[in-house]
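See structure below.
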(Lines of atoms letter the chains of each structure in order from A and count residues from 1; the text may use other names and numbers.)
(Lines give C-alpha, C1' and ligand atoms only; values in the text may rest on other atoms or scores of the structure.)
Protein backbone atom coordinates (compact mmCIF):
# COMPACT_ATOMS: atom_id res chain seq x y z
CA UNK A 1 0.00 0.00 0.00
CA UNK A 2 2.81 2.44 0.85
CA UNK A 3 4.21 2.32 -2.68
CA UNK A 4 0.78 3.15 -4.10
CA UNK A 5 0.64 6.32 -2.00
CA UNK A 6 3.87 7.82 -3.37
CA UNK A 7 2.23 10.28 -5.78
CA UNK A 8 -1.51 10.18 -5.10
CA UNK A 9 -3.42 12.40 -7.54
CA UNK A 10 -6.87 13.67 -6.55
CA UNK A 11 -9.19 15.44 -8.97
CA UNK A 12 -12.71 15.98 -10.24
CA UNK A 13 -14.03 18.00 -13.13
CA UNK A 14 -14.16 21.08 -10.89
CA UNK A 15 -10.35 21.06 -10.59
CA UNK A 16 -9.54 21.08 -14.30
CA UNK A 17 -8.42 24.43 -15.72
CA UNK A 18 -7.23 23.17 -19.10
CA UNK A 19 -8.52 20.22 -21.12
CA UNK A 20 -10.76 17.57 -19.57
CA UNK A 21 -10.42 15.37 -16.50
CA UNK A 22 -9.72 12.23 -18.59
CA UNK A 23 -7.09 14.02 -20.69
CA UNK A 24 -5.32 15.43 -17.63
CA UNK A 25 -5.56 12.07 -15.85
CA UNK A 26 -4.00 10.23 -18.77
CA UNK A 27 -1.09 12.69 -18.88
CA UNK A 28 -0.65 12.22 -15.13
CA UNK A 29 -0.74 8.43 -15.53
CA UNK A 30 1.88 8.63 -18.26
CA UNK A 31 3.96 10.78 -15.92
CA UNK A 32 3.95 8.16 -13.18
CA UNK A 33 1.28 8.88 -10.58
CA UNK A 34 0.83 5.86 -8.32
CA UNK A 35 -2.82 6.29 -7.32
CA UNK A 36 -5.85 8.32 -8.43
CA UNK A 37 -8.82 9.44 -6.37
CA UNK A 38 -11.91 10.66 -8.19
CA UNK A 39 -13.33 13.47 -6.05
CA UNK A 40 -16.35 15.24 -7.56
CA UNK A 41 -17.25 18.00 -5.08
CA UNK A 42 -17.87 21.73 -4.95
CA UNK A 43 -18.57 24.48 -7.45
CA UNK A 44 -18.17 23.32 -11.03
CA UNK A 45 -18.55 19.62 -10.22
CA UNK A 46 -20.87 17.21 -11.99
CA UNK A 47 -24.25 17.28 -10.28
CA UNK A 48 -26.12 14.14 -11.34
CA UNK A 49 -25.40 10.56 -10.34
CA UNK A 50 -25.43 9.44 -13.97
CA UNK A 51 -22.85 12.07 -14.98
CA UNK A 52 -20.60 11.14 -12.07
CA UNK A 53 -20.87 7.43 -12.87
CA UNK A 54 -20.03 8.01 -16.54
CA UNK A 55 -16.97 10.08 -15.60
CA UNK A 56 -15.92 7.57 -12.93
CA UNK A 57 -16.06 4.70 -15.43
CA UNK A 58 -13.96 6.64 -17.93
CA UNK A 59 -11.33 7.44 -15.30
CA UNK A 60 -11.42 3.87 -13.97
CA UNK A 61 -10.74 2.53 -17.45
CA UNK A 62 -7.70 4.79 -17.80
CA UNK A 63 -6.35 3.75 -14.41
CA UNK A 64 -6.76 0.08 -15.33
CA UNK A 65 -4.85 0.71 -18.57
CA UNK A 66 -1.87 2.00 -16.56
CA UNK A 67 -2.37 -0.43 -13.64
CA UNK A 68 -2.88 2.34 -11.10
CA UNK A 69 -5.42 2.01 -8.24
CA UNK A 70 -8.68 3.89 -8.77
CA UNK A 71 -10.21 5.33 -5.59
CA UNK A 72 -13.59 7.05 -5.21
CA UNK A 73 -14.14 9.82 -2.71
CA UNK A 74 -17.15 9.63 -0.40
CA UNK A 75 -19.56 7.63 -2.57
CA UNK A 76 -19.82 4.05 -1.32
CA UNK A 77 -22.73 3.20 -3.60
CA UNK A 78 -20.81 4.24 -6.72
CA UNK A 79 -17.58 2.60 -5.54
CA UNK A 80 -19.35 -0.73 -4.99
CA UNK A 81 -21.40 -0.46 -8.18
CA UNK A 82 -18.41 -0.06 -10.48
CA UNK A 83 -15.93 -2.14 -8.47
CA UNK A 84 -13.49 0.62 -7.53
CA UNK A 85 -10.16 -0.32 -5.97
CA UNK A 86 -10.87 1.82 -2.95
CA UNK A 87 -13.03 4.32 -1.12
CA UNK A 88 -11.80 7.41 0.74
CA UNK A 89 -13.88 9.28 3.29
CA UNK A 90 -13.37 12.24 5.60
CA UNK A 91 -14.31 12.75 9.21
CA UNK A 92 -17.51 14.49 8.13
CA UNK A 93 -18.42 12.18 5.25
CA UNK A 94 -20.16 8.81 5.45
CA UNK A 95 -19.78 7.36 8.93
CA UNK A 96 -16.61 5.27 8.88
CA UNK A 97 -18.22 2.28 10.63
CA UNK A 98 -20.86 2.10 7.90
CA UNK A 99 -18.15 2.34 5.24
CA UNK A 100 -16.24 -0.51 6.86
CA UNK A 101 -19.38 -2.66 7.03
CA UNK A 102 -20.07 -2.08 3.34
CA UNK A 103 -16.56 -2.13 1.91
CA UNK A 104 -14.11 -4.06 4.10
CA UNK A 105 -12.64 -6.98 2.18
CA UNK A 106 -13.93 -5.62 -1.12
CA UNK A 107 -11.68 -2.59 -1.55
CA UNK A 108 -9.09 -0.43 0.19
CA UNK A 109 -10.42 2.05 2.75
CA UNK A 110 -8.81 5.44 3.30
CA UNK A 111 -9.74 7.91 6.03
CA UNK A 112 -8.82 11.58 6.44
CA UNK A 113 -7.53 12.54 9.89
CA UNK A 114 -6.52 15.87 11.40
CA UNK A 115 -5.12 14.89 14.80
CA UNK A 116 -3.22 12.19 16.67
CA UNK A 117 -6.42 11.02 18.36
CA UNK A 118 -8.19 10.59 15.02
CA UNK A 119 -5.18 8.66 13.69
CA UNK A 120 -5.20 6.41 16.75
CA UNK A 121 -8.92 5.74 16.30
CA UNK A 122 -8.36 4.91 12.61
CA UNK A 123 -5.76 2.33 13.61
CA UNK A 124 -7.98 0.87 16.34
CA UNK A 125 -10.74 0.28 13.80
CA UNK A 126 -8.56 -2.38 12.17
CA UNK A 127 -10.08 -2.03 8.70
CA UNK A 128 -8.62 1.30 7.55
CA UNK A 129 -5.81 0.71 5.05
CA UNK A 130 -4.24 4.18 5.08
CA UNK A 131 -4.84 7.66 6.46
CA UNK A 132 -4.73 11.01 4.72
CA UNK A 133 -3.24 13.66 7.02
CA UNK A 134 -3.62 17.39 6.53
CA UNK A 135 -3.96 19.96 5.29
CA UNK A 136 -0.21 20.25 5.84
CA UNK A 137 0.05 23.62 4.09
CA UNK A 138 -2.55 26.20 2.94
CA UNK A 139 -4.57 24.86 0.01
CA UNK A 140 -6.69 26.45 -2.71
CA UNK A 141 -8.33 23.17 -3.72
CA UNK A 142 -10.79 22.75 -0.83
CA UNK A 143 -12.98 25.65 0.25
CA UNK A 144 -13.95 23.80 3.45
CA UNK A 145 -10.45 22.66 4.41
CA UNK A 146 -9.37 22.53 8.04
CA UNK A 147 -6.66 25.02 9.16
CA UNK A 148 -3.22 23.91 8.00
CA UNK A 149 -1.24 21.91 10.56
CA UNK A 150 2.29 22.01 9.18
CA UNK A 151 4.51 18.95 9.08
CA UNK A 152 4.54 18.69 12.88
CA UNK A 153 1.28 16.71 12.82
CA UNK A 154 3.01 13.99 10.78
CA UNK A 155 5.83 13.79 13.32
CA UNK A 156 3.35 13.64 16.20
CA UNK A 157 1.42 10.79 14.59
CA UNK A 158 4.60 8.80 14.02
CA UNK A 159 5.83 9.50 17.56
CA UNK A 160 2.50 8.12 18.81
CA UNK A 161 3.43 4.80 17.20
CA UNK A 162 0.84 4.82 14.43
CA UNK A 163 1.84 2.17 11.88
CA UNK A 164 -0.80 2.90 9.23
CA UNK A 165 0.52 4.16 5.89
CA UNK A 166 0.24 7.95 5.74
CA UNK A 167 -0.34 10.19 2.75
CA UNK A 168 0.11 13.91 3.37
CA UNK A 169 -2.29 16.35 1.74
CA UNK A 170 -2.79 20.08 1.42
CA UNK A 171 -0.66 22.59 -0.45
CA UNK A 172 2.07 20.07 -1.26
CA UNK A 173 4.28 20.78 -4.26
CA UNK A 174 7.76 20.25 -5.65
CA UNK A 175 9.25 22.79 -3.25
CA UNK A 176 8.01 21.23 0.00
CA UNK A 177 7.55 17.52 -0.71
CA UNK A 178 10.90 16.58 0.84
CA UNK A 179 9.86 18.18 4.13
CA UNK A 180 6.58 16.22 4.14
CA UNK A 181 8.28 12.88 3.50
CA UNK A 182 10.99 13.59 6.08
CA UNK A 183 8.29 14.24 8.69
CA UNK A 184 6.90 10.72 8.29
CA UNK A 185 4.55 10.60 5.31
CA UNK A 186 4.81 7.60 2.98
CA UNK A 187 3.52 9.64 0.05
CA UNK A 188 1.78 12.85 -0.95
CA UNK A 189 -1.65 13.72 -2.31
CA UNK A 190 -1.79 16.54 -4.82
CA UNK A 191 -4.54 18.33 -6.71
CA UNK A 192 -3.54 21.78 -7.96
CA UNK A 193 0.18 20.92 -8.15
CA UNK A 194 -0.78 18.81 -11.17
CA UNK A 195 -4.01 20.35 -12.48
CA UNK A 196 -2.52 23.85 -12.61
CA UNK A 197 0.86 22.78 -13.97
CA UNK A 198 2.12 23.82 -17.40
CA UNK A 199 3.88 20.48 -17.78
CA UNK A 200 2.11 17.68 -15.90
CA UNK A 201 4.78 15.08 -16.45
CA UNK A 202 7.63 17.36 -15.37
CA UNK A 203 5.85 18.18 -12.12
CA UNK A 204 5.19 14.50 -11.40
CA UNK A 205 8.81 13.61 -12.16
CA UNK A 206 9.85 16.14 -9.52
CA UNK A 207 7.42 14.62 -7.00
CA UNK A 208 8.56 11.03 -7.46
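Easy rule for this one: first residue shown is 1, then count along the chain.
Quick reminder: no glycine exception, Cβ is built from N, Cα and C everywhere.
Remember, it's a predicted structure, so these values are computed and weren't measured experimentally.
Swiss-Prot annotations:
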| type | residues | note |
| --- | --- | --- |
| BINDING | 37, 38, 39, 40, 41, 73, 112, 142 | 4-amino-2-methyl-5-(diphosphooxymethyl)pyrimidine binding site |
| BINDING | 74, 93 | Mg(2+) binding site |
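Feature map: Swiss-Prot annotations on the structure.
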| residue | record | DSSP class |
| --- | --- | --- |
| 37 | 4-amino-2-methyl-5-(diphosphooxymethyl)pyrimidine binding site | strand |
| 73 | 4-amino-2-methyl-5-(diphosphooxymethyl)pyrimidine binding site | strand |
| 112 | 4-amino-2-methyl-5-(diphosphooxymethyl)pyrimidine binding site | strand |
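Looking at 39, 41, the binding-site residues in this record, the fewest other C-beta atoms within 10 angstroms of the C-beta turn up around 41. Each residue contributes its Cα atom, and for residue 39 (4-amino-2-methyl-5-(diphosphooxymethyl)pyrimidine binding site) and residue 74 (Mg(2+) binding site) these two points are 8 Å apart. Cα to Cα, residue 40 (4-amino-2-methyl-5-(diphosphooxymethyl)pyrimidine binding site) and residue 74 (Mg(2+) binding site) are separated by 9 Å. Distance between Cα atoms for residue 41 (4-amino-2-methyl-5-(diphosphooxymethyl)pyrimidine binding site) and residue 74 (Mg(2+) binding site): 10 Å, as a whole number. Separating the Cα atoms of residue 37 (4-amino-2-methyl-5-(diphosphooxymethyl)pyrimidine binding site) and residue 74 (Mg(2+) binding site) is a whole-number distance of 10 Å. Of the listed binding-site residues, namely 40, 74, the sparsest Cβ surroundings within 10 Å are found at 74.
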